[in-house]
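Okay, so here's the structure we're looking at.
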Amino acid sequence: MKFVLLFGVLLVTLFSYSSAEMLDDFDQADEDELLSLIEKEEARKDCIPKHHECTSNKHGCCRGHLFKYKCQCTTVVTQSREETERCFCGTPPHHKAAELVVGFGKKIFG
């Protein structure tokens, strides 16, 4: 049972990694988006780093090692009993698992 679970996690990780790489390749290969690529390069300089607030710009998080960080939001109750939404750039759990498996694979296979 452990082997099946480990194999399943590895399969999902490899699929996530390959699909993310394919999407990046398609974005870069499209000649019509040359100007948008230049704009993206400028936007990368202004991207929001990990663990910083992204409440006002939910799609402006930087890229991590393998995946782009996602804006994760939570509801916070202030002392005056008002609910506000706070968001930060972070790595989702399934991306953390994928990075862990890829890291182990790189250590094992070179």
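For all residues, glycine too, the Cβ spot is worked out from N, Cα and C.
CYS73 is paired in Swiss-Prot with CYS87, the candidate among CYS54, CYS87, CYS89 named as its disulfide partner. Swiss-Prot names the disulfide partner of CYS62 among CYS47, CYS71 as CYS47. CYS47 (disulfide bond) is 5 Å away from CYS61 (disulfide bond) when you measure Cα to Cα. For CYS73 (disulfide bond), the disulfide-bonded residues whose C-alpha atoms fall inside a 10 Å radius of its own C-alpha are CYS54, CYS89, out of CYS47, CYS54, CYS62, CYS89.
Long-range neighbours of CYS47 (disulfide bond) (same chain, six or more residues apart, CB within less than 8 Å of its CB): GLY60, CYS61, CYS62, ARG63. Across the structure, CYS87 (disulfide bond) and CYS71 (disulfide bond) are spaced 6 Å apart at their Cα atoms. Of the listed disulfide-bonded residues, namely CYS54, CYS61, CYS73, the sparsest CB environment within 10 A is found at CYS73.
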